[in-house]
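Some notes on the structure that comes next.
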């Protein structure tokens, strides 16, 4: 419970910090292919691809959901991730429009390579999740096969999104000449990076704790039989 | 087995790529506080903090070690991580010396903040691991308490090291004016970043697969009883 509360507080702080950074030091927001449109990019990526995504990922680890029908929580999980995906795509539109407006080439930096791969993988993961887990005609065997891949790919996408955010903040601050003299903006945005790392590690900590995973009746018996055979042998 | 082979191949490619990048485009190596000393920084960090560290982390997941005495493999794990730690500290010395030589401030960028935290956490983790798991006077209760924290912290340090490497490569390439026009160096170093991501995801995939974890007799019975009680209730 403490971890979940910490997760929500850190997520909220990430959104507040990334918004304040772009309002206070970057001139605020617009949607006119100017650098003010670029400012939507970090806000939408941090809010969508980190905070909303992280909260959607730990949804099944909240104990009070375990006693309720899983189908409802699958829909909430899918809806949260769809919101996250939409914000991420809008965040990409913001940067592509800005690049077009200022005749800056797209997708040349390592940050952009990792970032675009993250969103492409996320889109594929969401669509596969929809077909595999929410479609009524998806066979049980396929769901069982897909589940560990879905969980693993979900964690991988989250790690890639954390790395993209950190390299993106670093890249943006590097373009300010005074970065090395520790201006207030640099300290603030570096601290935003630290908050993103802290949020990410708390989410990954919750996900990696087996005690917090929702127990599936079918899985329990198979896990018990595997463990029993290992003990007996 | 295929995953372990992939892990070794990707690790080797990372070391070859980071070395070739610094020899071919950055002028090679020296230890004279010049920019040639800086070139040791990416090579030592990728080799130590990513490749050696990753290989040390998956050591207990190699099936042929399961039938052998764990104490021997603990020593190999600790030795590999000590080598990784020494290379990382040398990598930090390389960049601090270069900064001193060129009057560049230290620890101003987000990359440096995340990087230094990674090495500090790694040092603490190694020392705590030495005291907790290799010292003969460490009580069994303390070891049991420490193990999940050690495994979790180990994964967190590895994720931080991946994020540090990606932001570092991005930062270095950003200082080359021609980065946005896709020069050969940028494509090569971006591809190094992709290799590091691929290596990292394979290592984390191996670590997250419960089937590859070494079974501890005490743990098996407790895990079975927990699962049995969950099934029965």
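Glycine too: its Cβ is placed from the backbone N, Cα and C atoms.
Automatic, uncurated: that is what TrEMBL annotation is.
The domain 'Cytochrome b561' annotation in TrEMBL covers B:6-208.
The feature transmembrane segment is assigned by TrEMBL to B:5-23 (among others).
Annotation source TrEMBL lists transmembrane segment at B:43-63 (among others).
The feature transmembrane segment is assigned by TrEMBL to B:75-98 (among others).
The annotation transmembrane segment is assigned in TrEMBL to B:110-137 (among others). Below 8 angstroms of C-beta separation, residues 45, 49, 53, 74-75, 78, 81-82, 84-85, 88-89, 92, 143, 146, 150, 153-154, 156-157, 160-161, 163-164, 167-168, 171 of the same chain, each at least six residues beyond the ends of the transmembrane segment (B:110-137), sit close to that stretch.
What TrEMBL records for B:149-169 (among others) is transmembrane segment. Using a Cβ-Cβ cut-off under 8 Å and counting only residues 6 or more beyond its ends in the same chain, the transmembrane segment (B:149-169) has close neighbours at 41-42, 45-46, 49-50, 53-54, 57, 110-111, 114-115, 117-118, 121-122, 125, 128-129, 132-133, 189-190, 192-193, 196-197, 200, 203-204, 207.
The transmembrane segment annotation in TrEMBL covers B:189-207 (among others). With a cut-off of 8 Å between Cβ atoms, the residues of this chain six or more beyond the transmembrane segment (B:189-207) that come close are 3-4, 6-7, 10-11, 13-14, 17-18, 21, 25, 46, 50-51, 54, 57-58, 61, 155, 158-159, 162, 165-166, 169-170, 172-173.
When Cβ-Cβ distances below 8 Å are used as the criterion, the transmembrane segment (B:75-98) is approached by residues 31, 33-35, 37-45, 47-49, 52-53, 55-56, 59-60, 104, 106, 115-116, 119, 122-123, 126, 129-130, 134 of the same chain, each at least six residues removed from its ends.
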